Amino acid sequence: MSETHLTIVDHPLVQHKLTIMRDRDTSTGAFRQLLREISLLLAYEVTRELPISTQRIQTPLHAMDAPVIAGKKLALVSILRAGNGLLDGILELIPSARVGFVGLYRDPDTLQPVQYYSKLPKGLEARMTIVVDPMLATGNSSAAAVDLIKQSGARDIRFLCLLAAPEGVARMQEAHPDVPIVTAALDERLDDHGYIVPGLGDAGDRMFGTK
Ligand code: URA
């Protein structure tokens, strides 16, 4: 099977906002607001291949066959808890999307994902499913979440993150070569604790003001 397709959204607005988010002096409130704004721009990119059909409508001047999104509503799956920061923004753009949650925490010793929650929408086989998690670090949680989502029937899956490490991209390529990845940046590497370098720190802590 071909390699996972990786898209880096190098739009100036995305890159500018990401730089402010990376800065350790950026406040929790600003971080959250910027994540919401970036998520709208990333959502634009990750939904680029949604299938289109036409609908007959009447403008004030004329009848036309106008483009509309075809098929079932798409599904968003947030990997708790940091995924919710991306989810909130995307839902503003696509309010009718179905939403699922997968709860995984990373065992600090093994860095392996441990599942503690899963609630997914029905009918995933007929929907494009976008999995959201800001940080694609080791890729272990992401790969495990996509395993679960595939077990629920999803076939057309995309992975949306803010930052990716080469290690995480490689892990996803190995486990799920059929799942395209969209990210705002591909950073250098992981440190010994599984943090992305240079990164932005712990996305959940920065978003929610915990530490
Ligand atoms: N999760 C985070 O929040 N940050 C990282 O750098 C890696 C994983």
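Any Cβ shown, glycine's included, is placed from N, Cα and C.
For 9-210, the entry in TrEMBL reads domain 'Phosphoribosyltransferase'. The feature 5-phospho-alpha-D-ribose 1-diphosphate binding site is assigned by TrEMBL to Arg81, Arg106, Asp133, Pro134, Met135, Leu136, Ala137, Thr138, Gly139, Asn140, Ser141, Asp202. Residues annotated as uracil binding site in TrEMBL: Ile196, Gly201, Asp202, Ala203.
What TrEMBL annotates, mapped onto the structure for a quick look.
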| residue | record | Cβ within 10 Å |
| --- | --- | --- |
| Arg81 | 5-phospho-alpha-D-ribose 1-diphosphate binding site | 16 |
| Asp133 | 5-phospho-alpha-D-ribose 1-diphosphate binding site | 28 |
| Met135 | 5-phospho-alpha-D-ribose 1-diphosphate binding site | 27 |
| Ala137 | 5-phospho-alpha-D-ribose 1-diphosphate binding site | 27 |
| Gly139 | 5-phospho-alpha-D-ribose 1-diphosphate binding site | 26 |
| Ser141 | 5-phospho-alpha-D-ribose 1-diphosphate binding site | 26 |
| Ile196 | uracil binding site | 28 |
| Gly201 | uracil binding site | 16 |
| Asp202 | uracil binding site | 14 |
| Ala203 | uracil binding site | 25 |
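Separation of the C-alpha atoms of Ala203 (uracil binding site) and Ala137 (5-phospho-alpha-D-ribose 1-diphosphate binding site): 11 Å, rounded to the nearest whole number. For the pair formed by Gly201 (uracil binding site) and Ser141 (5-phospho-alpha-D-ribose 1-diphosphate binding site), distance between Cα atoms is given as 17 Å, rounded to the nearest Å.
Ligand 1 lies within reach of none of the binding-site residues Arg81, Asp133, Gly139, Ser141, judged by a C-beta closer than 6 angstroms to any of its atoms.
Nearest in space to Ile196 (uracil binding site), taking C-alpha to C-alpha distance over the binding-site residues Asp133, Ala137, Gly139, is Ala137.
Spacing of Asp202 (uracil binding site) relative to Met135 (5-phospho-alpha-D-ribose 1-diphosphate binding site) is 9 Å (Cα to Cα, whole number). Here the domain 'Phosphoribosyltransferase' (9-210) returns a mean pLDDT of 95 for the predicted model. In the three-state DSSP reading, Ile196 (uracil binding site) counts as strand.
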